[in-house]
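Annotated in TrEMBL:
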{"type": "BINDING", "residues": "101, 142, 143, 144, 174, 175, 202, 313, 394", "note": "thiamine diphosphate binding site"}
{"type": "BINDING", "residues": "173, 202", "note": "Mg(2+) binding site"}
{"type": "DOMAIN", "residues": "343-506", "note": "domain 'Transketolase-like pyrimidine-binding'"}
């Protein structure tokens, strides 16, 4: 039989296609291919490091174009991350990445490049540091301003154990608007613990010392020979009785005096840190030199590094905000997917604030560096003098709102559910105990998906329900937002309005005004009631149709107010329906279902009862449908449970 061979033209075409696919997968990135671990990195010379930086950027752009993820911030820290792993010995030396979304390069260098195919997907690689994922991830992060505290704790633990290693915190300029960072620096500066803090300054205008004298002093203060000479001279002078110690003090005071005259002290130096910088965060030679010098220093050191967010990819440089967190996109053109025209809960909140703000100039909007994400930017544009962005400072935001409320205003703090956790004491102590009329617009309540456990908003009912004077509302569709806000203002007491990410589309017949927060029967049924709140109302309505196909007729009842419990409504429901299932986008313990179960127990109700909620409280990253499937809260899982529990009753 004659052997068949592919024509040359098609062979060339196929090879070109395969080569392109290999390049797309990063397989032709020759220097990057050599890096299987951080040990491989240390074998490279400076020129090879420069090539590697370019290849890593190429890999990041092409990989994230497929999966989505945090792009611009990671493109900005390529050289910095390379230098850190080149100089320090991870995992012996520990690196703590503040927020953590800029740790992609760190993951590549620590052997997780293949994991980028599953980045932020269900059971795939996390977009944030994860201790269980790698020994190189020293501490898990997701929220802002925690790195210095954690790193200081590790450094003190190292000293207590008598170990010899380095601890480095990498924090962005934006995260320095969070008070916790300064609490940590204040603590670190009072001691003599060896700790290195890298300030990755890529956006905010932080005052910097400029000019020839500044550069000279920075060079001297970060030069190992200078430090050694300084120690030797002080040691020699101290050997001279009486005069020696006095002379050392004079020299030290003179140096500080000259420095103060010529160059203003930085805040970091006043807090007890040795300050180095600012330096170019994309100059590999300078980074390596200054990190080497910092290793030799005693006490806490802060290195101020200037970086360009999005570096190496023009679209991200020109619009770093748009490329901060992206979905899949066309990496060749840089064109991002068109934003959905869907009317989101965040949009509805922003427009409702504008609408009500036009009628009442006492309404104020407050955000903690999330004006766009929360939709409050609409209010900002309309009423700039009544809008306040306090930075990443949720604790301050709540007490600031309390002060405004105590003076007769109607402040609304728009905040993601997972970030409000940071201000629990302020909600209780400064707002609720004084019964002040602060409204909390709790965005991203429920699952958010790919950002994972640190960002899922599934604890707010639990931690707010025990707070006195607090009312918790839950909006099921964006069109109800203005009515909910109006009702919240009418209560003249603390109110939390929780609503999810994205949107929910329901028939207008289900849209109801918020007048008293009472439970409402949306669809009648027999014997079985689905008592749902928030976005889960839409899922309950879907399940009713599916159950009807199997001959099971359930009622769908909405609870627009979670706390306080509608006791009159529950009396009616428990008497009418022998079996009740609650549905919520929240953790099981102390959630909506728990409020209902507690009321039933206290009132001697013996209905068959089951609560659909997240059982463990830890829901990792992935798309929401996949997470619901995994948590057994998809339609088919819940329908199976309903059929199982009502089998005898339906027989």
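Even glycines carry a Cβ here, placed using N, Cα and C.
Feature map: annotations from TrEMBL on the structure.
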| residue | record | contacts (Cβ under 8 Å, 6+ apart) |
| --- | --- | --- |
| 101 | thiamine diphosphate binding site | 70, 73, 74, 127, 128, 325 |
| 143 | thiamine diphosphate binding site | 99, 418, 419, 422, 454 |
| 202 | thiamine diphosphate binding site | 73, 76, 172, 173, 281, 306, 307, 308, 309 |
| 394 | thiamine diphosphate binding site | 368, 415, 419, 420, 422, 423, 426 |
173, 174 as binding-site residues, winner by CB count within 10 A: 174
